[in-house]
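These features come from TrEMBL:
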COMPBIAS  A:32-45  compositional bias 'Basic and acidic residues'
COMPBIAS  A:68-77  compositional bias 'Basic and acidic residues'
REGION    A:1-89  region 'Disordered'
TRANSMEM  A:123-141  transmembrane segment
TRANSMEM  A:147-173  transmembrane segment
TRANSMEM  A:204-229  transmembrane segment
TRANSMEM  A:235-253  transmembrane segment
TRANSMEM  A:265-286  transmembrane segment
TRANSMEM  A:306-326  transmembrane segment
TRANSMEM  A:347-372  transmembrane segment
TRANSMEM  A:392-413  transmembrane segment
TRANSMEM  A:440-461  transmembrane segment
TRANSMEM  A:467-490  transmembrane segment
TRANSMEM  A:502-521  transmembrane segment
TRANSMEM  A:527-545  transmembrane segment
There are 2 protein chains.
Amino acid sequence: MGKERDGTGPERPTTSLSPSAEFPPLSAQDVEALRRLGEHWRAGEPVRALPVDPELRPSGPGAAHARGPNEEFRPDQPGELTTTPAAEQPDSLLGRLAVRVRRVLLGPPLSSTSMLRERMRKLIALPILSSDLLSSVAYGPEALLTILVLAGSAALGLSLPIAGALVVLMVAVGASYRQTVRAYPHGAGSYLVASDSIGPRAGLTAAAGLILDYVLTVSVSVAAGIAAITSALPALSPLAVPLSLLVIAALLTGNLRGIRVAGNIFAAPTYLFLIAIGGMTLVGLAQAGARGFAVVPAPPVPASEAVSVLLIARAFASGATSMTGIEAVSNAVPALRPTEWRNARTVLTWMVSILVLLFSGLMFLIYLNGLVPRANETLLSQLAHRTFPHGPWYAIVQAATALVLLLAANTAYNDLPRLLYFMARDAYVPRRFLHLGDRLALSNGLVALSVAAAVILTAFGGRTQSLIPLFAVGVFLAFTLSQVGMVNHWRRHRESGWRRRAGINAFGAALSSIVLVTAAITKFTSGAWVVVVAVPVLVLLCLRVRRHYDRVRQAVSLRPAPAPTQLPSEGGRERNMAQEFLPQRVRHLLVVPVARFDQTTLRALAYVVSLGQPSLAVHVSPEDQEADRLRDEWTAWGDHIRLETVVSPHREILEPLAQYIAQLRERSPDITLTVVIPEVVAEHPWQRILHSRIEHRLRKALRRLPGVVITSMPIHLSEVHSPAR
Amino acid sequence: MGKERDGTGPERPTTSLSPSAEFPPLSAQDVEALRRLGEHWRAGEPVRALPVDPELRPSGPGAAHARGPNEEFRPDQPGELTTTPAAEQPDSLLGRLAVRVRRVLLGPPLSSTSMLRERMRKLIALPILSSDLLSSVAYGPEALLTILVLAGSAALGLSLPIAGALVVLMVAVGASYRQTVRAYPHGAGSYLVASDSIGPRAGLTAAAGLILDYVLTVSVSVAAGIAAITSALPALSPLAVPLSLLVIAALLTGNLRGIRVAGNIFAAPTYLFLIAIGGMTLVGLAQAGARGFAVVPAPPVPASEAVSVLLIARAFASGATSMTGIEAVSNAVPALRPTEWRNARTVLTWMVSILVLLFSGLMFLIYLNGLVPRANETLLSQLAHRTFPHGPWYAIVQAATALVLLLAANTAYNDLPRLLYFMARDAYVPRRFLHLGDRLALSNGLVALSVAAAVILTAFGGRTQSLIPLFAVGVFLAFTLSQVGMVNHWRRHRESGWRRRAGINAFGAALSSIVLVTAAITKFTSGAWVVVVAVPVLVLLCLRVRRHYDRVRQAVSLRPAPAPTQLPSEGGRERNMAQEFLPQRVRHLLVVPVARFDQTTLRALAYVVSLGQPSLAVHVSPEDQEADRLRDEWTAWGDHIRLETVVSPHREILEPLAQYIAQLRERSPDITLTVVIPEVVAEHPWQRILHSRIEHRLRKALRRLPGVVITSMPIHLSEVHSPAR
């Protein structure tokens with residue numbers, strides 16, 4: 001599988017997100033092949049003498065009734081025009097309306113040159129990329145203690161050591177990613193790192209885990225946010241699913257407006273949350289300090305399990321859920337302002353520091369206050385009540401928490417399209433994920449994420465709690481692979497200090513893999529098996545997609561692969577290609593299917609004859625008499641072109657015609673057969689049922705035949721002025 | 001509206017149903033126009049020298065790997081091949097399977113030359129065409145007496161005079177149609193007669209009435225037949241709708257097998273019914289004769305209405321329902337063996353005689369036996385019980401009645417497709433109704449009828465009783481118009497004896513119109529208003545269809561109508577046409593949209609350059625750098641063809657390209673622009689999502705532009721052999 005890195009594979013561009021990613025440049029070998037082909041090219045004079053000015057200059061012939069180049073196309077340099085917004089207006093009324101609606105929702109289109117300005121400042125990147133990560137302090141402690149309390153209130157004393165281990169994990173993973181961002185400054189996501197340092201399958205495995213995790217994050221956090229709202233306002237309960245879909249639509253719209261606008265929209269709630277929780281932690285610590293950090297004993301809880309290694313591991317794994325945000329930064333490196341990697345490291349450091357401070361502060365306060373999880377009130381709420389018994393502070397903490405949980409989804413909106421972009425660049429997912437929309441957002445990825453999340457949310461009727469066990473497995477799979485990859489990376493490059501760096505990453509990898517294995521085993525029956533099944537399936541799908549694109553790339557390559565049994569003699573290859581690639585070697589046969597004698601037929605006949613190439617008319621007739629009648633008309637016309645009649649006594653038209661053309665091609669595989677199909681284009685869709693659509697079906701049938709070129713000559717009814725009645 | 005009859009209208013063919021109806025011959029003027037055009041035609045030599053033998057002779061070049069002409073195409077005469085069944089086999093596995101299933105269901109295809117053998121003998125025509133008409137004796141007397149008994153049992157004495165009037169109606173309409181068949185030997189349906197003798201709108205009105213009636217006949221009689229079965233076997237009740245649809249499918253399949261097979265299937269039940277009811281009538285009369293034709297007094301029934309003219313008219317109209325069968329014969333004239341009109345008259349006479357005999361016999365017996373309608377038993381069942389108190393005869397009568405009611409639908413299957421064929425010949429309904437299927441049946445009409453009936457039946461959940469009042473209005477509308485038309489016909493032609501003939505038709509018209517008006521008024525609120533609304537709507541739809549076809553015909557006519565303000569100078573017209581119709585006047589510009597440099601692009605470039613016409617390549621680029629890169633590659637290749645780059649800074653590709661091409665065309669409206677679009681064809685449908693389909697969308701966008709020819713160059717992945725891995 002090392003093949004992808006050779007000359008024929010898609011080049012891994014050194015630049016970041018680019019509007020030109022859909023148009024990759026040729027390799028040096030390709031340009032050389034092109035030059036060789038060009039040398040053999042022979043063309044006559046007419047080809048360059050054009051009957052119309054391609055630069056649409058107003059001074060050209062026909063300037064009188066030309067709209068002029070200024071309205072839609074602006075001259076740029078010789079041979080180059082630039083479009084104005086007018087050139088993007090669709091012709092149809094409906095299309096124009098759609099553009100109008102889009103403008104209102106998404107704002108005016110952004111030019112490719114504003115790419116750099118569309119980057120995130122650090123203070124915007126922090127909330128955008130960390131809402132998922134930071135929101136985890138709202139439920140991480142709870143998840144940890146919920147497991148631990150199974151062993152009774154006596155086991156709660158273990159919470160501090162476990163929290164300590166988690167802090168170590170956070171710091172280790174954070175430090176690990178700081179190194180990764182430096183080593184892979186153009187995108188440091190698990191997919192890129194694992195692909196590069198381990199192999200494509202490892203990269204795809206990490207990517208599959210992340211894709212699952214991101215989609216689940218959106219479904220679950222939106223559903224949870226809406227559930228918080230509907231539990232406050234029960235009247236809205238029946239609207240839970242529509243409201244959730246509305247939130248997804250809002251997230252989609254906000255993100256489609258581009259990074260900067262999305263940043264402005266989504267930054268405030270995260271900062272609010274930081275201030276609220278940070279403030280609460282500080283006030284809580286001050287209060288605890290005032291009473292000399294005395295520990296309030298926890299209420300007695302009966303033990304239902306004994307304290308065991310497995311229990312501790314489960315508590316550890318549960319507390320570690322939803323660290324996806326770290327990954328988000330690493331993929332988003334190219335979206336930051338220059339110097340990108342440096343800014344990314346700073347943001348990462350901020351994020352992890354805040355996470356560690358908040359998490360350890362909260363864990364400590366919970367321990368000090370002797371709080372235990374309750375069914376009807378979250379730990380965070382208990383803590384807020386305890387800290388702020390009076391005043392509006394409790395409500396603010398709760399509102400900020402609900403808001404940030406809702407926005408946790410936004411991290412996925414930021415990262416998944418980017419991951420898909422990188423995967424599309426390597427041809428593992430449809431190429432359309434490379435396309436930058438008219439606001440420079442990765443629109444197709446955003447839409448795909450929204451649709452997937454909306455489908456899952458609707459399928460589960462908004463009750464996505466059963467999906468929560470699916471988390472963590474995917475993201476820790478990615479973490480582990482990324483960090484193992486980094487160890488490989490350091491071992492391969494052996495820069496100064498590589499041993500220390502490899503050590504840091506190895507430590508991160510070890511911790512991550514413990515969480516991964518624990519989560520996969522302990523949650524297997526409650527849902528994690530879905531991930532265990534889905535990841536390999538996704539990987540296989542990506543490989544199938546890649547195989548298809550590889551075949552296409554080979555099919556259209558300028559340097560076709562030599563047949564296995566054939567020596568790659570230079571001349572032989574060029575002779576093979578010459579047939580189709582050099583104009584002087586193309587041999588034509590133009591075929592016109594004739595149904596009856598009318599303008600459409602005559603236009604098609606004049607068209608083929610005017611090209612001066614060998615031409616043939618074919619008529620499929622339901623009976624002998626009709627064939628004779630058409631032949632008589634043909635003679636009356638002057639028999640200017642060879643007519644072949646095929647009598648189809650069972651009145652089938654399409655198949656005999658297609659098979660006749662296939663046989664012509666089979667007899668002379670070296671000719672290029674062009675079938676010219678005249679066709680009346682109706683103005684209104686309803687009129688389509690009035691036409692046999694045989695032209696449409698013929699085109700479809702002929703597309704199956706190799707080496708057959710299909711030409712449609714549309715004749716428009718709107719061109720015809722009906723005479724006065 | 002007399003325009004249709006002039007030279008530019010569709011010619012009314014003098015022959016009957018023909019496989020060539022889809023390919024109408026040119027008029028003499030058209031041939032003349034063609035000859036004049038042909039004289040100006042200039043073509044070079046290459047056009048006639050073909051690189052492959054169009055007759056697919058095995059002696060030609062490449063004979064070694066040709067499959068030979070014998071498998072799919074048989075040489076016929078010079079320039080003419082005939083297909084063998086192998087040429088009708090689709091290439092795809094699924095298509096082949098469909099053909100196999102079709103063969104099993106419908107039998108082998110029939111050649112156009114077996115058209116004459118596919119005609120009906122009189123003894124087959126009688127049951128096929130009369131099942132609807134004759135089945136009416138099963139409910140006609142009941143319908144009559146149900147109304148009459150509202151005035152109490154005393155009013156039942158009026159049943160004999162009313163029955164007499166109905167017999168007069170039957171004889172009058174029958175006699176009227178005998179004359180019509182003679183006067184219009186190639187199809188004597190109301191549509192044809194009213195169109196010809198009154199005008200197209202009258203014809204369409206009659207046709208609309210008949211169409212409604214036929215569709216209702218199928219829905220109602222199938223639903224009624226199944227209701228008879230489910231009331232005998234209540235366990236089947238929940239399956240009523242699926243069973244009804246199954247019956248419709250069976251009727252469709254039987255009729256798709258062609259007239260002869262359908263005749264053999266559907267003749268027996270009708271004959272069984274004739275024998276059963278005829279036998280019962282004879283036995284009943286013999287029994288009555290044995291007791292001296294003494295009248296058994298009817299049981300006393302209280303009167304709820306007074307005897308009035310309206311009541312009598314209602315009884316008369318109710319008894320007259322479902323005489324559609326007579327119309328069936330008149331449309332089916334061309335389906336009979338020669339001499340068609342003579343056979344049709346004979347069948348008509350038989351039918352009306354049998355109807356009159358059975359109807360009057362049953363009415364007389366019912367009167368003699370003093371029977372009155374009961375809610376839970378039909379009159380026919382009462383009579384059968386009275387006549388055959390013992391033995392299996394009662395069961396036979398009932399079974400035959402149920403069967404023939406089910407088969408009444410078959411008359412519609414025979415007549416409606418034929419009516420649609422005649423209407424399609426006049427361009428009032430889609431032309432596809434002209435197509436004779438591979439069993440020489442009017443397949444599209446049969447399918448349309450089945451679908452319409454199935455939709456109505458499903459929409460009403462099988463409870464179609466509420467549709468019964470809709471009957472009679474449509475068919476008597478057609479009868480009236482047809483006979484008024486005949487009066488016109490006789491007055492116009494004034495052959496010997498025309499006064500007597502016009503008198504017969506006028507009498508028929510008068511009686512029919514009484515039934516029509518009575519039915520429309522008395523049943524208006526209970527449903528007949530639907531017909532009153534639907535008929536004009538259908539007529540308007542037909543006129544819209546006709547207008548579209550007229551515009552198409554004009555658009556493609558060889559003799560374009562002169563512009564209203566312009567004198568039709570011969571030279572001017574020819575000069576106008578010359579532009580598009582004479583090869584020496586066609587000026588080309590070939591345009592190749594280029595996305596990147598690969599085989600598809602090079603093939604397309606070689607293709608256009610090999611045609612030796614002015615050519616232009618256009619590249620739409622998302623940003624300047626990319627445009628420059630492609631231009632460099634272009635120079636490396638040798639710059640063999642003019643390249644124009646359009647930079648689209650908002651990364652929109654499709655609209656700028658389409659608008660650029662539109663502007664080229666706008667600047668030189670006299671050039672023929674051919675856009676050559678290379679395109680990779682995927683093997684499997686799932687692979688389509690991996691491609692941007694921009695080619696497809698471009699084709700769609702360009703189809704909107706007049707004067708632009710669209711050429712697709714498909715490149716098949718299956719052509720490429722991937723190298724050994």
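Quick reminder: no glycine exception, Cβ is built from N, Cα and C everywhere.
By the count of Cβ pairs under 8 Å, the stretch nearest in packing to the transmembrane segment (A:502-521) among A:123-141, A:235-253, A:306-326, A:347-372, A:527-545 is A:306-326.
Only pairs six or more apart in sequence are counted, and the transmembrane segment (A:347-372) with the transmembrane segment (A:265-286) gives three or more Cβ pairs under 8 Å, enough to call it a contact. Applying DSSP to the compositional bias 'Basic and acidic residues' (A:32-45) sorts its residues as follows: 8 helix, 0 strand, 6 coil.
Counting Cβ pairs under 8 Å to the transmembrane segment (A:527-545), the top-ranked stretch among A:204-229, A:265-286, A:306-326, A:440-461, A:467-490 is A:204-229. With Cβ pairs under 8 Å as the measure, the transmembrane segment (A:204-229) is packed most heavily against A:392-413, out of A:235-253, A:392-413, A:440-461. Outside the transmembrane segment (A:467-490), and at least 6 residues removed from its termini, the chain residues within Cβ reach (under 8 Å) are 173, 176-177, 179-180, 183, 189-191, 193-194, 196-198, 202-203, 205-213, 216-217, 219-220, 317, 320-324, 326-327, 330, 456, 460, 498-499, 501-502, 505-506, 508-509, 512-513, 515-516, 519-520, 523, 526-528, 530-532, 535. Segment contact is absent for the transmembrane segment (A:306-326) and the transmembrane segment (A:235-253), given fewer than three CB pairs below 8 angstroms at sequence separation of 6 or more.
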